[in-house]
Protein chains: 4
Amino acid sequence: MALTGARKWLNEVIFGTDTPAGKLFDVVLIWAILLSVALVLLASVQSWWVRYGEVFFVLEWFFTALFTVEYLTRIYCARDRREYIFSFYGVVDLLAILPSYLALIFTGATYLMVIRLLRVLRIFRILKLVRYLRDANILARSLWQARRRILVFYAGVLVLCIIFGSVMFVVEGPQHGFTSIPKSIYWTIVTITTVGFGDITPHTPLGQTIASMTMLIGYSIIAVPTGIVTAELAHELGREKQLARCHNCGRAGHDADSEFCKHCGYRLEEFEPTPSD
Amino acid sequence: MALTGARKWLNEVIFGTDTPAGKLFDVVLIWAILLSVALVLLASVQSWWVRYGEVFFVLEWFFTALFTVEYLTRIYCARDRREYIFSFYGVVDLLAILPSYLALIFTGATYLMVIRLLRVLRIFRILKLVRYLRDANILARSLWQARRRILVFYAGVLVLCIIFGSVMFVVEGPQHGFTSIPKSIYWTIVTITTVGFGDITPHTPLGQTIASMTMLIGYSIIAVPTGIVTAELAHELGREKQLARCHNCGRAGHDADSEFCKHCGYRLEEFEPTPSD
Amino acid sequence: MALTGARKWLNEVIFGTDTPAGKLFDVVLIWAILLSVALVLLASVQSWWVRYGEVFFVLEWFFTALFTVEYLTRIYCARDRREYIFSFYGVVDLLAILPSYLALIFTGATYLMVIRLLRVLRIFRILKLVRYLRDANILARSLWQARRRILVFYAGVLVLCIIFGSVMFVVEGPQHGFTSIPKSIYWTIVTITTVGFGDITPHTPLGQTIASMTMLIGYSIIAVPTGIVTAELAHELGREKQLARCHNCGRAGHDADSEFCKHCGYRLEEFEPTPSD
Amino acid sequence: MALTGARKWLNEVIFGTDTPAGKLFDVVLIWAILLSVALVLLASVQSWWVRYGEVFFVLEWFFTALFTVEYLTRIYCARDRREYIFSFYGVVDLLAILPSYLALIFTGATYLMVIRLLRVLRIFRILKLVRYLRDANILARSLWQARRRILVFYAGVLVLCIIFGSVMFVVEGPQHGFTSIPKSIYWTIVTITTVGFGDITPHTPLGQTIASMTMLIGYSIIAVPTGIVTAELAHELGREKQLARCHNCGRAGHDADSEFCKHCGYRLEEFEPTPSD
């Protein structure tokens, strides 16, 4: 369906990024999102809420009104309204304004307030349109390619944590903070990931020996996801450059380490992803 | 020995995965294992045991009965009974049911309970049969190839920990928690692996300087296992793809970064490991 | 403008490194910088300041006088005085001496004292002139090449921290130390980077489960910057060697793993960067 | 000088590994070293020393006597006595027995006891002779190749720690544990290496924000040493295999990923380093 008149213009401004008005709209929206997220963060600080509660309240309704108008306009000027409403960003847009209205009905404001933070996801829609996208794509594709290997790795780590956790439960016991097997497994995860809060620590020599083994194993297997991701990433980076087309002559197929187009000598730094990408 | 009749059918269902009944059996078994493991974990929480002790008791005997029947059936229909009983998974299968029976005789139930968690290892037998196996194989083979280098690395780290640990024992001494050399070595391992519980911390300026050196060294040598595994993994991933056969035409020898078979153009994502693999 | 007489000689000594006097000046300056930085560090220890306050005071004015003379001489003999004064190192040189003079006027010495530590940056000017520079260049160029990918990664980590932080705020609440969403986000960053201070720890089973997920995710995504930097670094290292010229015959274009010049057999370890580098 | 008679035989047994007697001697020595090191570790535990002090005393003198006899025999049968005594292992051999004799004269046994732990270094002499050596060599050579880059990296991290440490000293101040700049730098190193003891933690919102930045930077730059080592290690591993000679036909020059000798088809896993290696 071809849009016409005001609806077409609104669509270009809100969904597009090519016109000056569309670019301005994106910049304003990013700032509105960042400010409203900062607002939710600061409002959660007890002392600030007590002092500036009214200011927070007014500003929150200002942003809610703004995002409501934006949401309704998006529905109005969308090419396919159904598709937009049930798309990922359509749902996020709704979740960004719904909590404020629901807070009028329900009183448990804390949980609703947190949902507002999903607004931060809206930033990605706008970033999607700029050149940072391609780098995000490489990362995402690498992680996606490695998904099965990462899952297998996680399964192995979890089984290791269950076994070490239950051994520590038997060795240290409730008197040293290892009150149950799930808690021991929590401790093992804290230790094997090298986080080491120190809220629970082994006190017996045997427990400390097993803990040392856990740490050294954790230290070593941290290498596995790194190896997986590095291998995939190096592969993706190489492919990316080979697929890229030169800005000047439009030809692709360059070596992974080329700095200049091999056909016309144009500097290749300003890549453009190929359409098939 | 060729199996016949009921024994052959049972063998296909229990050990195989090709028939619908075999697949159903695997799915039921995975759930039974996961539930019985969750049961052991929850039963170790004191407050839950007090409240739902009887439920846990009944469910535990239900799963023990189930796994006992499964174990006896496996013995009955195994191609080579001796081999099965003394195989790794045969022993795990026995250990998964034995603790419940032994708990009838002995009273120290805690230690026996933990052995039941070895049931979690049984999941790997089933996973062995699905495609996740190949990715697990690549990881395992990479780690196996790197075993000597990793051992040398561990030996070096341990000698480093012994030397730093004894220096810290001399510098900080018992009054700051470094009560013995083994405990100082435990602290050094906690520090060099960047876990950092904080149960023992240096208090003298000299001790803090040595601790800083330990951390910076630890920060740097964490790179060594990562480098070892990454180098092996990149090598294995390359070989894997080269060895893989195309699903369509059955020919191998593709480049490490091919997306499509170079002989027939069929998409290569759905790899099949070569028989020699 | 060609410098003549004393000014030319001073310029060669202070800005250059080729003459014996220039080398001596650099060595003396490095020691003066290191000693004056050590002085500031030690003067901040309360007990030392009380005891040796006067010694610190005298030494501080000695170094201030030294660096003031050096600064004025640099202005005097600089090829372009304006350019030097407003260059990065010109400003650092001024900041290295200004605090001592300002402390005569203002009394809040603590903040001014810290600015003196910027003197440590002056070391890089001297190091710039030695061969360590090339290795620093490779690291800097790799990080610069990867800047967009690293920014995208940081944006993703921050969004993850905001979401996990607010979930932990709801789950654990103020009674377990999660007093506000910003503090919860601080805790999430402490956890996801595997630092794990342990000043705030989850106490509810649900909170510990979410914390475990946070750690395992952090454990896995630590692989992403490593993968990015490794891929770039491997690329830079390869290019570096290919571009390098042989010391003996001056020809470039060697393979990345060559140990000897392929034209004249001269050992390649003593590389010289190509002029275009 | 050619050795003859008993001296030649002793030299073969003690310094060599080719004769059965030489192999037996190495195995006995490794066990004696490990036991004597374990003895020193256990003797440092206060409660054990009180109870088994006499047993420790007797065993310690037994090992001292054993190592003294070994040391004297090594001097007797060394090819070049001067060279052996002043070699690295010659000094370690002396340090391994000296503390026991000095303890007869001086009473401060704690410090002397710790020197005995240097015995652990003697294990490396024996390991040097087995095949694990080659893998240790690859690691050592990779780290050595990367020494300049690692030093540059450490210099950068230290400057970062000085700057962040002094900022935290100003922001948090002595009332929150940041009592001096050196202590703040210690805290920054603890944080940037993701160790995170938690003995000192920021309490002000601004301090926590700066701490978060420190952690995220630390999280990212941990990638740099990993990248350096991985790039070097991958290079070394490739070269190692290319240089290796086939056990069967003795020819070298295989591809980095060859499993079989390309000249005679012999399995290449049992490598032998080339003489020039």
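Using N, Cα and C of the backbone, Cβ positions are placed for all residues, glycine too.
Whatever TrEMBL says is automated annotation, not expert-curated.
The domain 'Ion transport' feature in TrEMBL is assigned to C:23-235.
Sequence annotations record features per position, and here TrEMBL assigns transmembrane segment to C:28-49 (among others).
Within the chain carrying the transmembrane segment (C:55-72), a Cβ under 8 angstroms from the stretch's Cβ atoms is held by residues 14, 29, 32, 35-36, 39-40, 42-43, 48-49, 93-94, 96-97, 100-101, 119, all 6 or more beyond its ends. Marked as transmembrane segment by TrEMBL: C:55-72 (among others).
The transmembrane segment feature in TrEMBL is assigned to C:84-104 (among others).
What TrEMBL records for C:151-171 (among others) is transmembrane segment.
Packing against the transmembrane segment (C:210-231) from elsewhere in the chain are residues 142-143, 146, 149-150, 153, 156-157, 160, 164, 167-168, 171, 188, 191-194, 201-202: each is 6 or more residues past its ends and has a CB under 8 Å from a CB in it. The transmembrane segment annotation in TrEMBL covers C:210-231 (among others).
The average pLDDT for the domain 'Ion transport' (C:23-235) in the predicted structure is 84. A Cβ distance under 8 Å defines the sequence-distant neighbours of the transmembrane segment (C:84-104), meaning residues of its chain 6+ beyond its ends; these are 60-61, 64, 67-68, 70-71, 74-75, 78, 112-113, 115-116, 118-119, 121-122, 125.
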